[in-house]
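TrEMBL has this to say about the protein:
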- Asn8, Glu383: Mg(2+) binding site (BINDING)
- Lys15, His207, Leu208, Gly209, Asn210, Gly211, Asp281, Phe282, Arg283, Gly329, Val330, Gly331, Glu332, Asn333: ATP binding site (BINDING)
- Arg89: substrate binding site (BINDING)
- Asp146: active site, proton donor/acceptor (ACT_SITE)
- His178: site 'Transition state stabilizer' (SITE)
- Arg240: site 'Transition state stabilizer' (SITE)
Amino acid sequence: MSAVLVLNAGSSSLKFQVVDPETGEAHAKGIVERVGSKGSTISVTVDGEESETSASAPDHGAATELMRTTLADRGVDLASSGLVAVGHRVVHGGRSLTEPTVVDDKVLAEIERVAELAPLHNPANIDGIRSATKAFPDLPQVAVFDTAFFSDLPAEASTYAIDRELADKHAIRRYGFHGTSHEFVSAEAARFLGREGDADLKQIVLHLGNGASASAVRGGRPVDTSMGLTPLEGLVMGTRGGDIDPGVLLHLHRVAGLSVSDLDTLLNKKSGILGVSGIGDFRDLASAVHDGDDDARLTLDIYLHRLRKYIGAYAAVLGGVDVVTFTAGVGENSVELREEALKGLEFLGIRIDGRRNKGKNDGPRVISTDSSAVTVLVVPTNEELAIARHTVATIA
Ligand code: ADP
C-alpha cells in the first residue's frame, strides 16, 4: 500500500492524516492542539478508534515528534507505513506558487517571502514543512496551496479597483482560499452528476465551515470567489465578518483610535458570528435561535442574507446556475441552514426537497426536488484526500 502523510499546520495546531491516495481511506489521523502553549493535547484515531492524551508540544517540531510517537504507541509505525511523501497544506502561494510543488530551499524561501500576504497562516505552514523535513528526511515534501485553484481567475474578478501601480507593486489581487476544497467539491459534483468535462456546467460551491467562502465555477474552472487578498473577505464566518465597507476601518482608526493590530484582531477574531452574538460555534448559535434568543436570530439572518447575496451574484456572473453545492462543517451538517439559505430563491429555479434535505449519506447527495431547475447537492469535502492526490501526482 502506498500512503501520503498529509499535514495541516495551523498557528496553534497540527492536523495529520495517513491517507491512501487511491481509495481515500484514512488509516490514521489526528490533531495536536494548543501547540506552543501549556496543556497541549493530542487526539489520534486509528482504524476508527479515538484516543486523547495530554502532552507537551512547545513548537511544531515537538508536535511532529509527538504525532510520530503517539502513532507508534497505537501500532502505526510511520517508517513502515508505505509513505511515499508528505503533503502540506499551505495557505498562500502568492503570485508565483500556483501549482502543487515539491519543496526545496528555493520554494521554501518563496513561501517565506509571500508570508507577508498571510502572516497568520504561512509561518505555521513553514514550521510544519521544516519539522516534517527533519522528521522524514528521505521523503519528498510537497506543498499544496489553498490559493492555487484560483490562480487564473479572470482579470475582472481578481483585480481590485484601486491604483493599478500600487496594486502591482504590492501584489494586491483577489487570490481566493479554500481552493483545494472548491476544486475537489466542484469536481465531485460534476462526476456525481455524470457531467465531468461539460464546459458549460455552471456551479456555485458554498464552503461553510469555521471559515466560509463561495465560488462560481464554469466547466470546472473558477470564475469568481468570495475571499480576496486574505481570507477576510466575503461571507460571514465564525469570527470573521466578511465584506465590510473599508471606510469602517478608517473611521475606527480615526475616531476610536484603533491601531492596525487592534483592527487585525477585530477583523480576524472578534467579528462574524462571535462578534455579533458572542457565540463561537455554529451549533450553539442554532440552538440559541431555537431558544428564541434575538441576538442569535439577528446573527443568523445576517449570515443568511450575505449567503443569498452571493448566490444571486454568482448566478449573474455565470449567466445562470445548474448546481448549488453545500460543503464543510456547517454546509454538510445543518439541515436548517441549507433550507433557510435557499428560501426566496425559487425564482432562480431552486426547489429543496424537505425529506431529502434531512437525509444522511457519507457521499454526495441531491437535496433538491426532481423538478427543480437547479440541482442542489451536499458534497462532503475531503481536503486531505485532495492534498494526497495532488502530492502523488506532483512527485510522479
Ligand atoms: P474548519 O475546517 O473551517 O475549522 P469545519 O468545516 O470543520 O471548519 O466546520 C466547523 C463548523 O461546522 C463549526 O462552526 C461547527 O459548529 C459546524 N458544525 C459541525 N457540525 C454541525 C452540525 N451538526 N450542525 C451545524 N453546524 C455544525
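Here the Cβ of each residue, glycine as well, is placed from N, Cα and C on the backbone.
Features per TrEMBL, on structure.
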residue : record                             : CB count, 10 Å
Asn8    : Mg(2+) binding site                : 22
Lys15   : ATP binding site                   : 19
Arg89   : substrate binding site             : 22
Asp146  : active site, proton donor/acceptor : 26
His178  : site 'Transition state stabilizer' : 30
Asn210  : ATP binding site                   : 16
Arg240  : site 'Transition state stabilizer' : 27
Asp281  : ATP binding site                   : 14
Val330  : ATP binding site                   : 26
Glu383  : Mg(2+) binding site                : 23
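Here the binding residues for ATP are Lys15, His207, Leu208, Gly209, Asn210, Gly211, Asp281, Phe282, Arg283, Gly329, Val330, Gly331, Glu332, Asn333. Their largest Cα to Cα distance works out to 22 Å. For ligand 1, the binding-site residues lying close by, meaning a CB under 6 A from one of its atoms, are Asn210, Arg283; the full candidate list was Asn210, Arg283, Glu383. Among the recorded positions listed here, namely Asp146, Val330, Glu383, Val330 has its C-alpha nearest to that of Arg240 (site 'Transition state stabilizer'). Candidates Asp146, His178, Glu383 (recorded positions) were compared with Lys15 (ATP binding site); none lies inside 10 Å Cα-Cα. Taking a C-beta cut-off of under 8 Å and a sequence gap of six or more, Leu208 (ATP binding site) has these contacts in its own chain: Leu235, Leu307, Phe326, Thr327, Ala328, Gly329, Val330, Gly331, Leu337.
Other Cβ atoms within 10 Å of the Cβ of Arg283 (ATP binding site), summed over all protein chains shown, number 12. Between the CA atoms of Glu332 (ATP binding site) and Glu383 (Mg(2+) binding site) there is a gap of 14 Å. Spatial neighbours are here defined as Cα atoms within 10 angstroms of one another, and by that definition the neighbours of Asn8 (Mg(2+) binding site) among the recorded positions Arg89, Asp146, His178 are Arg89. Arg283 (ATP binding site) sits 22 Å from His178 (site 'Transition state stabilizer'), taking the Cα positions as reference. Asp146 (active site, proton donor/acceptor) has its Cα within 10 Å of the Cα of these binding-site residues: Arg89, taken from Arg89, Asn210, Asp281. In this structure, the C-alpha atom of His178 (site 'Transition state stabilizer') lies 9 angstrom from that of Glu383 (Mg(2+) binding site). Of Arg89, Asn210, Asp281, all annotated as binding-site residues, the residue with the shortest Cα distance to Glu383 (Mg(2+) binding site) is Arg89. Other C-beta atoms found within 10 angstroms of the C-beta of Glu332 (ATP binding site) number 16, with every protein chain shown included.
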